[in-house]
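Novice: Can you read through this structure? Questions will come right after.
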């Protein structure tokens, strides 16, 4: 439980900072920036909890998550003048959040004795859908649907998690390997421009 | 129950193929295409189940729906090179899905002893909102809000369903008539460019 | 309870008319206009009820809310030819709805013995998210994220509500002051172009 809380805090902080920089790119005001940071950080977990019936959602009663978002937003805003490349900062914190929140979602599924496939689905939803809501709110095409490998990274990390677990690797190394796999794979895939095959080679698509 | 399953499978397959072709028009990669097929096929039913409190949602525990989406996506991708008009294929399978999922939603409402108006509302939500989520995700203006008759077709089909039921027509012919009404009316309305009256005749609207 | 119903009806009617004029600006057909009015009026409350687990959502069983939307849409459509400035009408009714629905959300939270911060969050969600769904559906950038003070107005009104309550002001004057604060502050903020500080002064933002 305590370990769950720590990874939740790190994931929330990372996604809040990613959301703050995404909002800055669109010139939102301070309050709009906070809301975007909030939905980026808590949107995926909220969708997960609604889908599994874990309502009322926790952040309506416990303010720790909202507090982490607030502090992270302020930190992100404070450091903006030191940063010359918003996009790289966004990418870095987004990758951290992706790893930690995939793990949070997998653990949520395991605590409900769900099938590994369901656990990985919950991990992917937790990690990816905050960013989807953020991108739709900012009128961007969601990152998840663009050419970059995104949700696939979460599924890969989830597969690593359950394969190692089957091999009787202890829980802490399994979690760390899952985390590192996702963060590193995500960063490498952007740096080297890896992408999945597209399906429109045979013709020029319409509109 | 068995009959419900069969119509669910057909609706899921049809909407998955429609989603696959919508994703192809936007040049998504293979995984993005699968996700779009998934939300098109299961998004409406998921929203319905969340609104009526039927959670955890079924597809998190039973993988048959996800399997149908996967197979349908692969079939859609395999046949793409034989097809010269993505738009017509999308329209055809979308119409099939519209009919079957309206029926699924109506049956869900009836199994909860809901009022016919509520049943038709659930049928319309089940049939239409997967496509709304698909269109918003792909940054298209949702089909449902464009000039074509769309949600109205589901309501028409639902009205036919409950009128025939009141007239003591047996259940199977009622279901088939409802299905045929929706699919045929949808295809005809596109072919002959039927549309509801707009409300902006008196002035040139601003932006 | 009776007072809750009255403010719900006024809020629903105001947001329906706001939604109707937003739909007219986009030239939707009659049914699309009704759907937009419906999601504008009931979307925020629906999200609130899903987040706190108050499902099945009420409007699936009680048709009074849908009836208010229908009548308001017809009224909005009927008066359109008398109106020369859609934008001002939209703004006026949106402000009324914002005030009444913030109050509805606060009362929902209080009836569940929630913390004042949670009550204000529920009020803000109830008041703001119908408009967010409306704007995303119409492919507009949500008003809440633009430069105008919007959600902040709800939070201000909520703060006024709980400060007066702590000072032992009776309930009815507290509610009226909260309402007036929100509506007047919203209208003034648009008229005098008030806005929160932005955070992009130091550099020209990318894309």
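Placement of Cβ uses the backbone N, Cα and C atoms for every residue, glycine included.
Quick paste of what TrEMBL says about this protein:
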| type | residues | note |
| --- | --- | --- |
| TRANSMEM | A:6-23 | transmembrane segment |
| DOMAIN | A:7-75 | domain 'Glycine transporter' |
| TRANSMEM | A:30-47 | transmembrane segment |
| TRANSMEM | A:59-77 | transmembrane segment |
| TRANSMEM | A:89-108 | transmembrane segment |
| DOMAIN | A:92-164 | domain 'Glycine transporter' |
| TRANSMEM | A:114-137 | transmembrane segment |
| TRANSMEM | A:149-167 | transmembrane segment |
| TRANSMEM | A:173-194 | transmembrane segment |
Novice: Of the listed stretches (A:30-47, A:89-108, A:114-137, A:173-194), which one yields the highest count of Cβ-Cβ distances below 8 Å with the transmembrane segment (A:59-77)?
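Specialist: It is A:30-47, which has the most Cβ pairs under 8 Å.
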Novice: Note the mean pLDDT of the domain 'Glycine transporter' (A:92-164), expressed as a whole number.
Specialist: 90
Novice: Can you tell me which recorded stretch out of A:6-23, A:30-47, A:173-194 has the most Cβ pairs within less than 8 Å of the transmembrane segment (A:149-167)?
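Specialist: Answer, by Cβ pair count: A:173-194.
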Novice: Rank A:6-23, A:30-47, A:173-194 by Cβ pairs under 8 Å to the transmembrane segment (A:114-137) and hand me the top one.
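Specialist: Per the Cβ count, the answer is A:30-47.
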Novice: Could you give the residue numbers and ranges of same-chain residues that sit at least 6 residues beyond the transmembrane segment (A:6-23) on either side and whose C-beta is under 8 angstroms from one of its C-beta atoms?
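Specialist: Same-chain contacts beyond the ends: 32-33, 36-42, 64-65, 68-69, 71-73, 75-77, 80, 86, 89-90, 93-94, 96-97, 99-101, 103-104, 130-131, 134-135, 138, 140, 175.
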Novice: Within the domain 'Glycine transporter' (A:92-164), how many residues are helix, strand or coil going by DSSP?
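Specialist: When I sort the residues of the domain 'Glycine transporter' (A:92-164) into the three classes, I find 59 helix, 0 strand, 14 coil.
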